[in-house]
Structure formats: structure tokens, C-alpha cells
């Protein structure tokens with residue numbers, strides 16, 4: 001599985017997930033209007049939001065977390 005790990009004006013960066021990590025995730029942490037801290041990566045299980053400002057989406061295909 002290949003997941004996106006970062007995005008910039010120059011394109012995306014991906015990584016091949018290690019064995020046992022069969023999900024890609026994208027996590028948004030709301031900071032102020034129109035600005036969120038976004039994290040991408042691989043996971044064995046879908047992470048759970050730690051507070052109400054956090055949204056997490058998980059998926060199972062290559063680069064699906066773009």
C-alpha cells in the first residue's frame with residue numbers, strides 16, 4: 001500500500017507502508033477559520049479523533065488519502 005505523507009506546491013510525497021499497516025489516513029486539526037493542520041500517513045487501525053477539532057478519514061487503496 002502506498003500512502004501520501006505530505007503535500008506542497010511541488011507535489012505530493014508518498015511512502016510504502018510497512019507490513020501490518022494496511023490503511024492510509026488523513027487527519028485535519030482545526031485551528032482557526034480556513035486553516036487546519038493536516039497529517040497524512042499509514043496506520044494498522046484507523047486513528048480515533050482525540051478532540052472535537054479533529055477529523056480523521058481512513059481508506060484502503062494507493063494514494064487514497066490525497
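Glycine residues also receive a Cβ, built from the backbone N, Cα and C atoms like all the rest.
The disulfide bond feature in Swiss-Prot is assigned to 3-24, 17-42, 46-58, 59-64.
Feature map: Swiss-Prot annotations on the structure.
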| residue | record | CB count, 10 Å |
| --- | --- | --- |
| 3 | disulfide bond | 24 |
| 17 | disulfide bond | 18 |
| 24 | disulfide bond | 28 |
| 42 | disulfide bond | 20 |
| 46 | disulfide bond | 12 |
| 58 | disulfide bond | 15 |
| 59 | disulfide bond | 16 |
| 64 | disulfide bond | 17 |
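Within 10 Å of residue 46 (disulfide bond), judged by CA to CA distance, lie the following disulfide-bonded residues from the set 3, 17, 59, 64: 59. The separation of residue 17 (disulfide bond) from residue 64 (disulfide bond), Cα to Cα, is 13 Å. Cα of residue 58 (disulfide bond) to Cα of residue 24 (disulfide bond): a distance of 6 Å.
Ranked by CA distance from residue 59 (disulfide bond), the disulfide-bonded residues 3, 17, 24, 42 have 24 at the top as the closest. Secondary structure at residue 64 (disulfide bond), as computed by DSSP, is coil. Residue 17 (disulfide bond) sits 7 Å from residue 3 (disulfide bond), taking the CA atoms of both as reference points. With respect to their backbone Cα atoms, residue 42 (disulfide bond) and residue 3 (disulfide bond) stand 6 Å from each other.
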